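Here's the structure, in structure tokens; my notes come after.
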Amino acid sequence: MEAKGYTLDGTVDLQGRPALASKTGKWKACAFLVGYEAFERMAFYGIMSNLVNYLTTQLHEDTVSSVRNVNNWSGSVWITPILGAFIADTYLGRFWTFTVSSLIYVMGMILLTMSVSFKFMKPTCMNGVCSKASSSQIAFFYSSLYIIALGSGGTKPNISTFGADQFDDFDPYEKHLKASFFNWWMFSSFLGALCATLGLVYIQENLGWGLGYGIPTIGLLFSLFIFYLGTPIYRHKVRKTKSPARDLIRVPLTAFRNRKLQLPENPSDLHEFEMQHYNSTGKRQVHHTPVFRFLDRAAIKDGSSSSSGATNQPCTVTQVEGTKLVMGMALIWLVTLIPSTIWAQINTLFVKQGTTLDRSLGPSFKIPAASLGSFVTLSMLISVPMYDRYFVPLMRRRTGNPRGITMLQRLGIGFVIQVMAIAIAYAVEARRLHVIKVQHVIGPKQIVPMSIFWLLPQYILLGIADVFNAIGLLEFFYDQSPEDMQSLGTTFFTSGIGVGNFLNSFLVTMVDKITGRNGKKSWIGHNLNDSHLDYYYGFLLVTSVFNLGAFWWASNRYIYKRETKDLKEGCVEMEPPKALDTSLGLQV
């Protein structure tokens, strides 16, 4: 196939013909994709960044309810990709799942723009007294939001993996290009977020919410037009298994059925197809690993008999290892939930905290509190090129790792920076409360004589942490997923953020109920000037420190995926270099 100029990984064009390596894929194809990503992120953060303010100022919800509703919606946006990835991996493929879902996304954006634009869809105010939103107004607004969440479920897990599919893992040059793909993919995402937090937030608060939502809606439609212009040069992965997720059920069941059988001492005695089978099917063989040894029983050749008397077909080592990979990733996923909860503060409590501070910039201009989130994005935009162009080459020379450091080491660094950020958030909130006490600030709408720029360090550090966390997690879950489940694997990344938002919603609700009962002062009350938000940040800080220890434990037990694909020219082995086992003691 290489002599004819086709890709070595078996990708095809939209008509199912083998893809020509010289005319398809690589960055020229990704250029159309990153445009969509930038506009989609602008639309998402245009809603997310200032949603808590819209709910409190326009729909007149209280602080706890607005934080809970923002987290619940954001959590849904990040959870629904599980469904979208399953549909893509099992039925439609990434391209067509994205196509259908993007239309749903745009429909939700149009409906949301209508709900904030037309007067009869918003509560009315007379003489400074505003009525509560009616049931129909609330229903239409939240229906629009959750239609967006549904559409996002099909676009989010498939657009990034579709972009990664444009690089051939078996071509050394393209594999080198792919090493930087997720860094620059997230860079485009950050650009969209920056436009939202700097421009759209200001437009929403000063020129109108309808215009603030209408602009990203038009931008999203334009980006879809750009995306489909690139259709002739896109590469598409061929689905090699009808139901790739079926092994996740079959392997544990078979292992349980064979629980009384003796495992062979040599893993080579377990059931596995000959390399010729993988050559003919285009699949990759996965090497045996010593973790989750119980699952190896699923590959015992002389498995137990079924009730009909026929011997059950044993699973292959590759199938067993695919299940092990998912279980290993699930362990890492669990220790990303607390960091995702910390991240949820940026668009909720940090924003509400900022509204209480002095936001003046000159005699007549006030900074929108949500615009401070732009410093998260700015720090990311500065850090990504520095990471990719300086940090990685420097560490590569020292470790021999093409990525510079292991993916889990990258996550560990991000988690440490995040702990520092929440510690600073705690200290700044303690100072804010001190100023409140000294200046006798009491009312919920009174401005604390303290500059909003005191919040800058926590925003900047969270942005730097996300260069390690968000990009590292996306790359880790894509890279470590079983071959036929890479869209589903990417949802480990999105679902972690989603569950983190739900967890924050739960924590905020419970903390408010527990600390505010019997007439006591709630940590997170409607009046933040008479609350104890510093206690909540302190709670998150202690939790983050314990979670960091849990991550260190889990990462030291994780073994990276090793695959083999035998080509005519020889054997191409896809495994991390031995130099990966460095400072954190992560196993390979």
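Numbers here mean position along the shown chain, with the first residue as 1.
Glycine is treated like the rest: Cβ placed from N, Cα and C.
Annotations in TrEMBL come from automatic prediction, not curation.
Beyond the transmembrane segment (95-116), the same-chain residues lying 6 or more positions past its ends with a Cβ under 8 Å from any Cβ of the stretch are 14, 40, 43, 47, 54, 58, 84, 87-88, 122, 137, 140-141, 143-155, 158-159, 162, 209-210, 212-214, 216-217, 220-221, 224, 227, 234, 236. Look at TrEMBL and you will find 95-116 (among others) tagged as transmembrane segment.
The annotation transmembrane segment is assigned in TrEMBL to 182-203 (among others).
The transmembrane segment annotation in TrEMBL covers 209-230 (among others).
The transmembrane segment annotation in TrEMBL covers 325-346 (among others).
Listed by sequence, the residues of this chain that lie at least six past the ends of the transmembrane segment (366-387) yet keep a Cβ under 8 A from its Cβ atoms are 45, 49-50, 52-53, 183-184, 186-187, 190-191, 193-194, 197-198, 201-202, 204-205, 346-347, 350-355, 357, 359-360, 452, 455-456, 459-464, 466-467, 471. The transmembrane segment annotation in TrEMBL covers 366-387 (among others).
Residues annotated as transmembrane segment in TrEMBL: 408-428 (among others). Long-range contacts of the transmembrane segment (408-428) within the same chain: residues 332, 336, 339, 342, 345, 350, 454-455, 457-458, 461-462, 464-469, 471-473, 476, 534, 537-538, 540-541, 544-545, 547-548, 551-552, 555, 558, 582-584, 586, each at least 6 residues beyond the stretch ends and with a Cβ under 8 Å from a Cβ of the stretch.
Per TrEMBL, the feature transmembrane segment maps to 459-478 (among others). If you look at the transmembrane segment (459-478), the same-chain residues 6 or more away from its ends with a CB under 8 A from one of its CBs are 160-161, 164, 182-183, 185-186, 329, 332-333, 336, 339, 342-343, 346, 350, 372-373, 375-380, 383-384, 387, 407-408, 410-411, 413-415, 417-418, 420-421, 424, 486, 489-493, 496.
The annotation transmembrane segment is assigned in TrEMBL to 490-511 (among others). Within its own chain, the transmembrane segment (490-511) has Cβ neighbours under 8 Å at 64, 67-68, 71-72, 74-82, 84-85, 156-157, 160-161, 329-330, 332-333, 336-345, 348-349, 470, 473-474, 476-478, 481, 522-524, 536, 539, counting only residues six or more beyond its boundaries.
According to TrEMBL, the feature transmembrane segment maps to 535-555 (among others).
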(request) Could you pull out which residues elsewhere in the chain have a CB under 8 Å from any CB of the transmembrane segment (209-230), counting only those six or more residues past its ends? (result) 29, 31-33, 35-36, 38-40, 42-43, 46-47, 50, 54, 58, 102, 105-106, 109-110, 112-113, 116-117, 196, 200-201, 203
